[in-house]
Amino acid sequence: MPSRWRPLCGPVSRIAMPPEVLGEANVATTAGETSDQDPPGALAEQEDAADDIWDEDESPALRRARKEAELAGGGDSTRAYLKQIGRVPLLSAAEEVDLAIRIEVGLYAAQKLRAEREGPAGLTIARHRDLTWIARDGVAAKDHLLEANLRLVVSIAKRYTGRGMAFLDLIQEGNLGLVRAVEKFDYSRGFKFSTYATWWIRQAISRAMADQARTIRVPVHMVEIINKLARVERELLQQLGREATPPELAAELGITPAKVLEVRQIAREPISLDQTLGDEGTNQFGDFIEDSEAVVAVEKVAFTLLQEQLQSILDTLSEREAGVMRLRYGLVDGQPRTLDDIGQVYGVTRERIRQIESKTMSKLRHPSRSQSLRDYLE
């Protein structure tokens with residue numbers, strides 16, 4: 001970097017930047033910030049750092065904190081993570097603006113370097129070296145702004161505990177929202193970064209909970225209705241001193257009572273059949289659930305014997321009599337037929353089929369035939 005505008009020490013500031021770089025950066029960075037695509041593959045070593053600022057993946061700051069937490073072990077991972085992020089001091093409003101300026105200029109420098117790689121940009125060696133240095137400084141400023149606000153993510157994630165996601169998972173999702181906030185922050189509007197980042201962090205955590213917290217995924221808009229219903233239920237419980245009825249909840253929410261019941265049904269969490277019960281955990285919940293469709297061996301054997309006995313009794317009748325009885329009582333496919341249906345099959349009237357049925361039933365009531373079936377009726 002030319003000595004005429006290299007800062008003597010400390011971070012790059014607006015004063016330290018050459019006028020032509022700052023002027024172009026204010027115009028060009030906005031388009032760069034809206035890009036969600038990662039830069040294409042292999043770059044020279046000095047260009048790698050410039051492209052890192054555009055990645056939405058885990059930054060080096062987040063990666064270092066996460067690795068230290070993992071190395072500390074499962075039980076102490078949260079404590080180790082909080083200790084790691086607590087080492088970075090909080091930023092003042094002026095420091096946030098200074099970091100945002102460095103990020104903005106670094107984004108512009110990275111954009112210039114990519115343009116040079118994709119086509120001839122006419123950059124001199126010195127200019128290329130300066131842009132690379134500025135882009136790397138922008139990456140460092142981004143990491144610094146991230147590290148200084150990791151505690152904000154933790155404070156917001158605490159409000160979402162106990163809703164189906166582990167605390168560290170909530171923090172990780174919130175960190176992704178923080179990364180997005182750093183990339184989209186506009187310091188020129190005069191807002192504090194923490195105010196702006198809170199919205200992105202909450203959105204990232206809420207989206208993650210909607211996608212991951214439930215065994216069966218519920219759409220985001222339905223999750224919002226479920227949360228609103230739960231809040232109204234708590235408020236009415238305090239006001240009325242009892243649980244609110246569906247019509248009362250519906251009136252408060254502006255929906256129908258049927259919709260309240262539907263939302264409650266959707267909000268119910270499924271229970272795993274493999275869930276262990278008791279202190280020893282030797283029994284599973286599925287061991288105590290009866291399968292109403294399961295076939296009992298004794299009943300299956302009895303049903304098979306009954307079918308064989310019926311078949312042997314029908315064999316003692318004429319072919320027409322046996323056929324009428326099979327169709328009339330659904331002994332073939334389980335679907336009983338009407339007298340008209342059977343009459344159409346045999347080409348006779350329904351009255352003739354009724355006469356055949358009556359005559360056949362009289363035969364079946366004879367003790368020589370009915371005695372063998374009485375055991376199945378007791």
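Here the Cβ of each residue, glycine as well, is placed from N, Cα and C on the backbone.
The DNA-binding region annotation in TrEMBL covers 339-358. According to DSSP, the secondary structure content of the DNA-binding region (339-358) in residues is 17 helix, 0 strand, 3 coil.
Per TrEMBL, compositional bias 'Polar residues' is recorded for 369-378.
What TrEMBL lists as domain 'RNA polymerase sigma-70' is 169-182 (among others). Mean model confidence for the domain 'RNA polymerase sigma-70' (169-182) is a pLDDT of 93.
Look at TrEMBL and you will find 338-364 (among others) tagged as domain 'RNA polymerase sigma-70'.
Per TrEMBL, the feature region 'Disordered' maps to 23-52 (among others).
Here TrEMBL flags 145-215 as region 'Sigma-70 factor domain-2'.
Taken from TrEMBL, the feature region 'Sigma-70 factor domain-3' covers 224-300.
The annotation region 'Sigma-70 factor domain-4' is assigned in TrEMBL to 313-366.
Per TrEMBL, the feature region 'Disordered' maps to 359-378 (among others).
According to TrEMBL, the feature motif 'Interaction with polymerase core subunit RpoC' maps to 169-172. With DSSP states grouped into helix (H, G, I), strand (E, B) and coil, the motif 'Interaction with polymerase core subunit RpoC' (169-172) comes out at 4 helix, 0 strand, 0 coil.
Tertiary proximity for the domain 'RNA polymerase sigma-70' (338-364) is limited to same-chain residues at least six positions away from its ends with a CB under 8 Å from its CB atoms, namely 313, 317, 320-321, 323-325, 327-328, 370.
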